[in-house]
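Colleague: For reference, Swiss-Prot lists these features for the protein:
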type	residues	note
DISULFID	CYS7-CYS27	disulfide bond
DISULFID	CYS11-CYS23	disulfide bond
Amino acid sequence: RWDVDQCIYYCLNGVVGYSYTECQTMCT
């Protein structure tokens with residue numbers, strides 16, 4: 001299973017313009 005914290009980390013660093021909340025929503 002994809003680790004949520006790791007997903008958020010990669011989302012924040014890899015997806016331009018995404019906020020923490022948006023990454024959290026996408027990753028959970």
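Heads up, the Cβ atoms here are built off N, Cα and C, so glycines get one too.
Just so it is clear, the model here is predicted, and its values are computed rather than measured.
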Colleague: Around CYS23 (disulfide bond), how many other C-beta atoms are within 10 angstroms of its C-beta?
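Modeller: Cβ-Cβ neighbours of CYS23 (disulfide bond) within 10 Å number 20.
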Colleague: Roughly how many Å separate the Cα of CYS7 (disulfide bond) from that of CYS23 (disulfide bond), to the nearest whole number?
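Modeller: Distance between the two Cα atoms comes out at 8 Å.
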Colleague: Run through the Cβ atoms and count how many others sit within 10 Å of the one on CYS11 (disulfide bond).
Modeller: 18
Colleague: Run through the Cβ atoms and count how many others sit within 10 Å of the one on CYS7 (disulfide bond).
Modeller: 15
Colleague: Could you tell me the C-alpha distance between CYS27 (disulfide bond) and CYS11 (disulfide bond) in angstrom, no decimals?
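Modeller: So the alpha carbons of CYS27 (disulfide bond) and CYS11 (disulfide bond) sit roughly 8 Å from each other.
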